[in-house]
Amino acid sequence: MAFILGSGSPRRLDLLTQLGITPDAVRPPEIDEDPKPGELPRSYCARIAREKVAAVEAAPDDIVLCADTTVALGRRILGKPADAGEAADFLYALSGRRHRVITAVAVRRGDQVWERDVVSQVKVKRLSDAEVNAYLATEDWRGKAGGYAIQGPAGALIPWISGSFTGIVGLPLAETATLLAAAGHPKFRGDA
Ligand SMILES: Cc1cn([C@H]2C[C@H](O)[C@@H](COP(=O)(O)OP(=O)(O)OP(=O)(O)O)O2)c(=O)[nH]c1=O
């Protein structure tokens, strides 16, 4: 059995390390991440995690783990900003309100797939222009869903969350451990 992380996200690799797991291979999947017309954030996120895990090449006994993190403002999906202008739009949209961060995790072994999604709530303080500009200047928004990362300087802009901190960062650890146990990962079988 090899354990394969199907993700190019350094956050997910770090979070797995927190569980004491080092993947035998890292294989980021290539899939189309565009939402379908009218698709709601939670079903979108679960679909993308499933598509990612189906796209990773693995031997029948290997365990593959993929995840997707989606920032949802009501029915609106905020993806990764293309540039600083879009990141600014996202930050102003999130300013002074609560939004949801969904992370869906999918684990596959052979033909079997186990999946979970975790929905957290995040409140962003009311942001001044100076705060938005200072945050954009950190460049930490790049490659992050919704245009921020709670584990970086944006932590100063987030007074309240409810749910799973590790889920917001990109991999909810309690649920991930449960899925890996279900798939028979030796670390979580309970007899290790
Ligand atoms: C909201 C939020 C997102 N993120 C990151 C986690 C994910 O890397 C990214 C969401 O994009 P994803 O599409 O979930 O993941 P990815 O493209 O980075 O990696 P891969 O598909 O190969 O697994 O946003 C944070 O790091 N902190 C946060 O607070």
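Any Cβ shown, glycine's included, is placed from N, Cα and C.
What you see is a predicted model, and the numbers here were worked out from it, not measured in a lab.
Features of the protein shown, as given by TrEMBL:
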type: SITE; residues: ARG11; note: site 'Important for substrate specificity'
type: ACT_SITE; residues: ASP68; note: active site, proton acceptor
type: SITE; residues: THR69; note: site 'Important for substrate specificity'
type: SITE; residues: GLN151; note: site 'Important for substrate specificity'
Between THR69 (site 'Important for substrate specificity') and GLN151 (site 'Important for substrate specificity'), the C-alpha gap once rounded to whole angstrom: 14
Spatial separation of ASP68 (active site, proton acceptor) from GLN151 (site 'Important for substrate specificity') - C-alpha basis, Å: 17
Pairwise CA distance, ASP68 (active site, proton acceptor) versus ARG11 (site 'Important for substrate specificity'), rounded so that it is a whole Å: 12
Packing count at ASP68 (active site, proton acceptor) (other Cβ atoms within 10 Å of its Cβ): 26
Number of Cβ atoms other than its own within 10 Å, given for GLN151 (site 'Important for substrate specificity'): 17
Protein Cβ atoms within 10 Å of ARG11 (site 'Important for substrate specificity'), excluding its own: 18
